[in-house]
Each structure stands twice: as C-alpha cells, then as structure tokens.
Amino acid sequence: MKMILVRRFRVLILMVFLVACALHIVLDLLPKLERRAVRPSGEPGCSCAQPAVEAAAPGWAKARGRPGEPPAASSAAGDAGWPNKHTLRILQDFSSDPSSNLTSHSLEKLLAAAEPAEGALQGREPGSPRPRDLAHRPLLRDPGPRRSAPPPGPSGGSSLLARLFEHPLYQVSVPPLTEDDVLFNVNSDIRFNPKAAAENPDWPREGTENEEFLPTGEVAVDSYPNWLKFHIGINRYELYSRHNPAIEALLRDLGAQKITSVAMKSGGTQLKLIMTFQNYGQALFKPMKQTREQETPPDFFYFSDYERHNAEIAAFHLDRILDFRRVPPVAGRMVNMTKEIRDVTRDKKLWRTFFISPANNICFYGECSYYCSTEHALCGKPDQIEGSLAAFLPDLSLAKRKTWRNPWRRSYHKRKKAEWEVDPDYCEEVKQTPPYDSSHRVLDIMDMTIFDFLMGNMDRHHYETFEKFGNETFIIHLDNGRGFGKYSHDELSILVPLQQCCRVRKSTYLRLQLLAKEEYRLSLMMAESLHKDRVAPILYRPHLEALDRRLRIVLQAIRDCVEKDGPHSVVEDDLDPEHRDPPGR
C-alpha cells in the first residue's frame, strides 16, 4: 500500500511538471502566432529589429524575446532602451551620473522615448521626421544650441579657418631640408613596398587583383597611396607640412577606404584594433565608449578613465590649429561590426568574443588588460559602431622611434605624489639632465604641456621621437584618448611644467595670443575644423567653450612668468632665422 502511494505521488509530480512545461510552451508560442497574424497586413506590431540583425549577421544564433511578452510591449521596451537591469549591466559604463548609466551604444535606443525632450532642445516639433540615413549620422548630437556656420572670409569666400592659416604666423617656413633632415629619401637606395610596410605578409588582395602598388622610386610620387605620401613627407621639423594635400586626402581615406583585415592591438588597458585598408594603409581604431556630453566623474583617477575616440579626433585638429603638426591624422568613421570587423578578421581571439545582446545588437569585447569583458562590451545599432581611426606612423623596421619618459610624468598611484608635485625647483634639475641641457627639448615639452592643458589630458607618461633625427627634432603627440573628459574643470596641475620652467617659444606665444582674439577665437576654429569630420559633431559645446577659457589661463601663466623673470628670459625667439632653434618650424 505504501509503495502504491509513493508511485502515485511520483506520477502526480510528473504530471504537474508536464503541465507546467506545456503552459510555458504555449505562452512562448502565442506572441509568435500573433506576430505572424499581424505581419501580412503590415499593421503596427511587427518586430523589425530581429530580422535586421539576422540579415546583418547570417548564421548567427537568433536572439529571442522575453517569454509571454506581447509584441507591442516588446517593441516598446526595445525602443525605450530595454528596462532590464541584467540587460543594462552588459553595456553599462562607470558614469557617476545616474541618468547616463547607459553606454553610448545603448543611448541611441532611447531616441524614441526622448523624442519630445530632444525636439524641444533642438528647436523642432516633437514627432517631426528624423534624418533618413541613420548609419551615417552622428550617434550623439549636441543637445545645446547650435552656432551658425562661420561667415566667409575676405579672400575669395574662404572660411575663418582658411583665413587663420593665411596669417603670417602660419607662413613661417622650415629651414632648407638636407638628406639628413628627411625621414625617407625617395631617391636613395631604399625602396618601399606598401605591402611590406603594412606589416602583414599574407595581405588579402581582395578587390585589388588587377592593381599593383610599386615600390617608391619606381613610379611617380603622385601615384603613391596617401598614407605613403604622408610617411615620406615626415622630416626633422614637422610630421606633415601645412599645405600637404595628401593629409586631407588621407583623412578621407580613413573614413571611406575598404577595410580588408582587422586584428587586436597587443598591450594597453583598453581594446584597440589595427585596421588595414585595401591600399595597404593601416590605422588604429578606437571604438566609441562614452557619449559626447558624459564627463569623467570627479572621483575617477586619470588612469582609470575610458579613452574617448572623439578626443583622438579633436586632438589632431587642435594640434593642427596650434601649428604644432605633431599628431598623426585622425578621422571618425561608422564601422559595420559584421562586415568590416567580424567577417574580415583573422584574429580568432577577437572573433570568439562576438555575441548578440538581449537588445538584438551585435557586440564584441576582445581582450585587453582591464575593460574587455561582457560587462564592457562594445555594441552596435544593430551592427554599426562609431570610432576613430588614427593613421599609422611608418613601421619601426623602416623608421625607428625612441621612447622618452616624460619628466613631469604622474605617479600613477592613488596616494604617492611625483617629485615635480612637491619640489618647486624641479625644472632646474630637469634642465641639467640630457637631452634637456643642450637642446630645445624643454621648449617642446612646454608646447606639449599647453596642448595637454587645453585638452585636459593628464595621461602623458611618455613621448616619442624619430631616432634618425637624434635629439634635435620634435616630440610626437601620440595617444590623446584621455583628453576632453571634463569641460567643467580645468586641471591646473597640467600647467606645472610651464609655471616651473617659465619658457615658451615666441611662435607658440604669438599664436596663442592670436587664437584669443575674437576674429580668430580658438573655439570657432575648432568648431569649423571638426565640422568636416564624418561623425561630427565631435565635441560637446561646453568643451569648445572650455578651450577659450583654458587659453586665457595659459596666457595669464605666461604673463606671470614674464613679470617675474622678464620677456627675454621667458620667450625664446624662434622666428628670427639667426636664432631659430633646430627643431623649430
């Protein structure tokens, strides 16, 4: 009798389990049946996000909706930014602002929900048509008021930026170049092959079967790819000349050239990709991780912040406007994560990190020291992602570079301070140490200090120079991704090298004064220059306003030095040909 009761109890449990499974199956099938019933008529309720992902990523596992959720609710939830804490955790960042807990990628999902507010900010009626080409418009638009385009200049309808570059301060020529002053001599015995320079012996020749790139010296310079023109234009005094047409052409290439290969860059705390183009050029891709208006939280250490792709773009334009020309060309681009990354990569480690998020977006996270995990995944919409592409410098096998420790390097410790932070006479010690004792490297450091202060970049631990030119050459301003993180705070500690050494080039000082004038205001020059980029607007409006404010702070610091030590001790005259410093312009 007891055994019979036990068996009946087990059968009862099994029946309950089977009934529960059947109910779950029915509840799961109901939304799909409703969707099929609605789709033929074309009425609202069609879930269009999933087919889009399927078309963009054939062969991938299909993401499913939440069981039991009606299609209309599912669609609304998707459009409103998927209010599920587990979903948000996959794409969250470290912002201290509760309203910006979504990453830059998930913020676009809020467009439908934010339509009335955004319409009010942008000065358009809620519900008015949005731009048609979502793939090519910026992921984030500045919600602040827009400044009208700069009026044409006096010289044949040219822009304010063109008028700036026509100013005499931007016409100072470099000294005559000798064979020792150019990085590459095209007429020498050295022959460059674009394929070899791309550092990839198995280069895919997709789309270029009938096209042959000959080594330099065997064809006319005009036939070289633009990245190679950039490389052979490097000399002792500048990374590129002011009027080199190859630079603008290279910027266009970075935004449009076909990507044929992708690999992860080794080292670094955050994911960066090496992208190779159809013409064998290469660029460093930094994906978008934070929105334009999202400031670095005040409690963050400078070395634990995200790198910003738009900071890399803005740094190139700022460097060019200051006439340093020490940042390699950088351009923004919308990249198809499926066709231009996943399908062309030979990096199996990268390929394995691709997945589809609960919002039906294609994501990947790669491998790196810190921010490479599903919690910090990079996701498209559904597979479009914005990023910056920085042109590669010549391969180290062709042009060796020397890495120098920045004398004013920060401690990169949460409690310890660097020596320069506690010793007010630290600059005197630096000037007694080679190469700062006999060259004009200190003046280059001052230029870099001003450049970093304008951006708010605290992460300048090392810098590089081309080994061929020895100590008499310029500093390359690489890795600017931690600039433009705060617009409401000016980090005065970045200016300490200038305040301690009280030295500056006359050309730099005069250009800063020029950019402080109303007709050449730095923020206007930057806005016009950045407007040309494919993913513009690059900077949030308060960042542009911060540039003007910080420029005034720099000029005041120089004036304080002049009052203390006199103009001749502070300002180095590099404009007089008889006293021009060798690495000057």
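Quick reminder: no glycine exception, Cβ is built from N, Cα and C everywhere.
Unlike curated records, TrEMBL annotations are generated automatically.
What TrEMBL lists as active site is Asp459.
According to TrEMBL, the feature ATP binding site maps to Gln270, Lys286, Glu307, Ala390, Ala391, Phe392, Leu393, Glu464, Asp479. Of all Cβ atoms in the protein chains displayed, 23 besides its own lie within 10 Å of the Cβ of Asp479 (ATP binding site).
Marked as Mn(2+) binding site by TrEMBL: Glu307, Asp479.
Annotation source TrEMBL lists compositional bias 'Low complexity' at 71-81.
Positions annotated as compositional bias 'Basic and acidic residues' by TrEMBL: 130-145.
What TrEMBL records for 354-571 is domain 'FAM20 C-terminal'.
Residues or ranges marked as region 'Disordered' in TrEMBL: 59-81 (among others).
Feature annotation from TrEMBL assigns region 'Disordered' to 117-160 (among others).
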Given the recorded positions Glu307, Asp459, which one has the fewest other C-beta atoms within 10 angstroms of its C-beta?
Asp459
Which binding-site residues sit within 10 Å of Asp459 (active site) - Cα, from Gln270, Ala391, Leu393, Asp479:
Asp479
Sequence gap of 6 or more, Cβ distance under 8 Å: name the residues on the same chain that satisfy this around Leu393 (ATP binding site), in order along the sequence.
His231, Pro328, Ala399, Arg401, Ile476
Confidence summary for the domain 'FAM20 C-terminal' (354-571), mean pLDDT rounded:
93
Quick one, of the binding-site residues Gln270, Ala391, which Cβ has the fewest other Cβ within 10 Å?
Gln270
